[in-house]
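A.B. asks: Pulled the feature table from Swiss-Prot, pasting it below:
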type	residues	note
BINDING	49-56, 357-364	ATP binding site
DOMAIN	15-269	domain 'ABC transporter 1'
DOMAIN	314-564	domain 'ABC transporter 2'
Amino acid sequence: MPHSDELDAGNVLAVENLNIAFMQDQQKIAAVRNLSFSLQRGETLAIVGESGSGKSVTALALMRLLEQAGGLVQCDKMLLQRRSREVIELSEQSAAQMRHVRGADMAMIFQEPMTSLNPVFTVGEQIAESIRLHQNASREEAMVEAKRMLDQVRIPEAQTILSRYPHQLSGGMRQRVMIAMALSCRPAVLIADEPTTALDVTIQAQILQLIKVLQKEMSMGVIFITHDMGVVAEIADRVLVMYQGEAVETGTVEQIFHAPQHPYTRALLAAVPQLGAMKGLDYPRRFPLISLEHPAKQAPPIEQKTVVDGEPVLRVRNLVTRFPLRSGLLNRVTREVHAVEKVSFDLWPGETLSLVGESGSGKSTTGRALLRLVESQGGEIIFNGQRIDTLSPGKLQALRRDIQFIFQDPYASLDPRQTIGDSIIEPLRVHGLLPGKDAAARVAWLLERVGLLPEHAWRYPHEFSGGQRQRICIARALALNPKVIIADEAVSALDVSIRGQIINLLLDLQRDFGIAYLFISHDMAVVERISHRVAVMYLGQIVEIGPRRAVFENPQHPYTRKLLAAVPVAEPSRQRPQRVLLSDDLPSNIHLRGEEVAAVSLQCVGPGHYVAQPQSEYAFMRR
């Protein structure tokens, strides 16, 4: 039924008194209460808040996708102006009508493109399907339009990409495909739900700029859901702050950042890690935590030395890791991925060395190679004077007691069929360290040490939040009293407050137990806060390494400067210079089998500060 007289001029979407609830144990649990907002054509409205605040369920309610998940939605008004300028009440549309609205008039970009794309269809088929459904195009016409959309989202060699499957693309490329699919029918409203949270800073910057450019070209209203205030400052016109299912503050981006009224908004802004906040400081510093009572209160800094002088606990020399690629009629190895090329570094007890770089730079492969989770083709890995790379499997298992791993996704790291108590006890059983009674006491102590309760040991992983699951993984890593912990993107996808809690916990554990961390991350603001030293990786090689203060305050390599320049700044008045929106993905690190890559030569530019010499930077400078 048309409602053209009820939608204010300029608005493309209007919502009044939206209420969302779910049934749990025969009780109605409210997720969103009395939420009202509007969106103008060509405007970006950022909806911000922590996990559980109701951001994503609001988006799903607008798309009418909650009913399938058992959501109970009530709303006085939910009006959408379609591309045809017809105004419809979304809550009155049938399932068949909504299938025509979704994609054609409203589109959504989800946080994780790999789970949003169908793994058994090519990229081209998936984009073309939406075009054929909503524009009545033939298959050939749809594929031509799909190629045009890939060009529009600045994907190079679009014709080739059309025939590839999602797993064959990088994370940033998959997210661009999702954007192309969402925009293929030129919707009136685009909902972007955390589309850049787990992306590298350079890819994130490209995606944000891409959305702004396409929004301007299509005069499209955008709802951008995020918990990253730096992203909000860069992309938003207006901001809606949500807390525990309610809108607590709304206003222009300048009002929210420069004159926040609600204590939660002030606390959210105070908790944002600011790049450059560690200027002049030598040691890691705790994050301030979100507090409604004391929103501006800073956590006490850690200004004490934890690094132990003497011999390094871990020494890596000329590490090489390559992965074979097979092709041809005989399925022979013809090419190799040069994931890690002649990487060398030391790690001292009580030190945090951060490995930073974009996806594909070799950070995670380096971390996995240290534990021989992937086999290396060359180099030496020496732990406490003993070579790891030549150990037999039996001796390697004993050594793994001293080196533990924390993975990015805690839910995937925990067995859903085991209680968390059993998950934490498992490494103790494998190594035969403690009998049952003592192991149970150890589990209770570990849970308390990471801020959980001993009775949580009887629960299962799905009963915990993301931050709590990451604490459980940390407790399991601590069970064996390791000397080194490798944390691979351990806080990348966590909310700002949960991320601060986990980083503070890691710093406390380092202070108390002298643990050395190899911290793998692309979040430069977090790296600045936690690190003693930083190593920058590019195409499998370290191009800059040194004390955190030297690398951040005086970056020498152009790639390091690029990473720092791409970090979103939580200040609307500081707009990042406009980029040329060409593909900025890493050049290929795939080479013919047997082909050698010249190793970078590092030059000392300061105490402990080494940078790739100019002649070693040809690949970067050529881009």
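Residue positions begin at 1 at the first shown residue.
Cβ atoms are placed via backbone N, Cα and C, with glycine included.
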A.B. asks: According to DSSP, folded down to helix, strand and coil, what is K55 (ATP binding site)?
C.D. replies: helix
A.B. asks: For S361 (ATP binding site), just give me the three-state DSSP call.
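C.D. replies: SS state of S361 (ATP binding site) = coil.
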A.B. asks: Which residues in the same chain, at least 6 apart in sequence, have a Cβ under 8 Å from the Cβ of S53 (ATP binding site)?
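C.D. replies: Result: M242, Y243, Q244, G245.
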A.B. asks: Return the count of C-beta atoms lying within 10 angstroms of the C-beta of S361 (ATP binding site), excluding that atom itself.
C.D. replies: 27
A.B. asks: Counting other Cβ atoms within 10 Å of each Cβ, which of the binding-site residues K55, K363 scores lowest?
C.D. replies: K55
A.B. asks: Any idea what the model's mean pLDDT is for the domain 'ABC transporter 1' (15-269)?
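C.D. replies: Its mean pLDDT is 88.
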A.B. asks: Using DSSP, would you call G49 (ATP binding site) helix, strand or coil?
C.D. replies: coil
A.B. asks: Within 10 Å of the Cβ of G49 (ATP binding site), how many other Cβ atoms can you find? Include all protein chains, please.
C.D. replies: 26
